[in-house]
């Protein structure tokens, strides 16, 4: 039984005898044989080579690294070395075995000498347990068996699921708070004075929204939009933004504690990745010399410039989306459909959001190729260094891909468009969009809601369906030929390995970035959940439900639809932790800016405490925001329109209103504009400093490492020193 366990399977096409590919394949297999590997060949439509490493390799590993596997996972008969460690060592040797032509396995795969290489999903107890208790939709609310995941997939995958489970668990708290804020917005704030004034402003004539044939319109026409805006933009949102900034910090601090506890139980707290890699290099080749650390300022400068060029391209795409919305608004306002004319702005934002989602899908693939190319230019020393460099680059690119359009809507929309009679135009023709009189935050809400819903529905469905369909198709293609010669003769006994190897080959292939993709998806979602959460309080709730499905979706993919991942050792989530900490700081800045700039919170407060009837007339019987809408709209004389504009029929008066703080005579900024500008700046500085101080206090208050873990190490050190002392004591006796 034991002899039939194979560490890895190599798959190759059947090449002609004497062909270059066949010779290269033989040379590689000969090199493995020299290292003591046992090789078994099975022929079907493809050639399958099972490889098993000799015991000496694992004995060397245990001798060089005495500590890591002292507390074993499921011990196998192979010298009590865990299966995950065994697969990892064999994979390292396979990837670093060099043929006499100085070619490695990845070169041979590129040249189609070998088609695939993978460890096997074994029919073992752990796998059956995971398939039954973890990789099922019915277990969606059950706790994950992290220890069993570690036994089967290794520490890196186990830490990903431990992190994802912890993140989802704490998202539940944020989701409840966000839902309360949103429901409060619908119930309590629905009857706000500001939206009431907009609904009653049937005499307030607004300036046309486009240049050609657009009508003057009444402010009261946008009553529903105003109510929706105030449902999102209220005092509760400010509290929620502050809460989420603190939540992001507490989540990370609690995760550090959780990780310390988990890793200590695995005896990996002080594990050294570099030492392990050096040990495996020496096991593979005793003459190996370690690659030295190097740094080239010239290369770093080139890469930095290329990264900046890529960021500029991504910002350019965001500009293209802005241009689309401007042109779409102009076309919708001139449409024959009354609905499109009335909802031109909202329709432009919604279609723009769908277009943004499509650019995200396309640019994700482009970003990956660019980041990999830049990593190749950098020539990192080790695989983990390459992975870290790749992570930082792809996250930077993905951040700009996902957020540059949102940043424009949040901070620039309606602020750089000029004013009637002097609009800022694209190509001198189309004028930039304006904000609604009740604020721009609803546009941001719509954009975020559409992107998050599309990402969590279409992307997740595709994430499951594509591997599932691919697996079914492969299975169909690889179905063994039925033998037609069973005429009473004895049936040839089929090799027991054949069925297992074929079924593993029919699964979808995994690559080194399979787990990376899952992490990136979650970290981008974490950014959506924290950075602009002030504009979209339902983000944590959507993320929470998405993650409940995501955990089981990833589990099913790994157990049933994909080949077994090569297990990797790790004692934390790596550079992702720094990325999450950076997002935490961006969340404070982003939410501070949304409240200070996008939201109408500051202008309303300035009005209440400076210009309202409560202050000027000492009238306490009225709502302090009475008169705010009239105060926030400027007056424009119709005769001052640019000569080539053709507004609709002019109203009875000679003036129309627009959202800004400008004088009626020369259209310069009023004192109120500068007053609000100063208040926005003051609030931003205050919010960011308070939030960052609270984050620092939370980080200090919650220790990274629990005391129980520290005490465990203390006891271990103490007992080791006492043992050493026992060896020394007898020698001192005269």
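Quick reminder: no glycine exception, Cβ is built from N, Cα and C everywhere.
According to TrEMBL, the features are:
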type	residues	note
DOMAIN	84-146	domain 'Anoctamin dimerisation'
DOMAIN	149-712	domain 'Anoctamin transmembrane'
TRANSMEM	157-186	transmembrane segment
TRANSMEM	237-255	transmembrane segment
TRANSMEM	301-327	transmembrane segment
TRANSMEM	347-364	transmembrane segment
TRANSMEM	390-413	transmembrane segment
TRANSMEM	523-549	transmembrane segment
TRANSMEM	570-597	transmembrane segment
For the transmembrane segment (523-549), distant same-chain residues with Cβ under 8 A (at least six beyond the ends): 140-141, 164, 167-168, 171-172, 174-175, 177-179, 181-182, 185, 232, 237-238, 240-241, 244-245, 247-248, 395, 398-399, 402-403, 406, 410, 441, 444-445, 448-449, 451-453, 455-456, 460, 576, 579-580, 583-584, 586-587, 590-591, 594-595, 598-599
DSSP residue counts for the domain 'Anoctamin dimerisation' (84-146), split into helix, strand and coil: 32 helix, 3 strand, 28 coil
Per-residue pLDDT averaged over the domain 'Anoctamin dimerisation' (84-146), given as an integer: 88
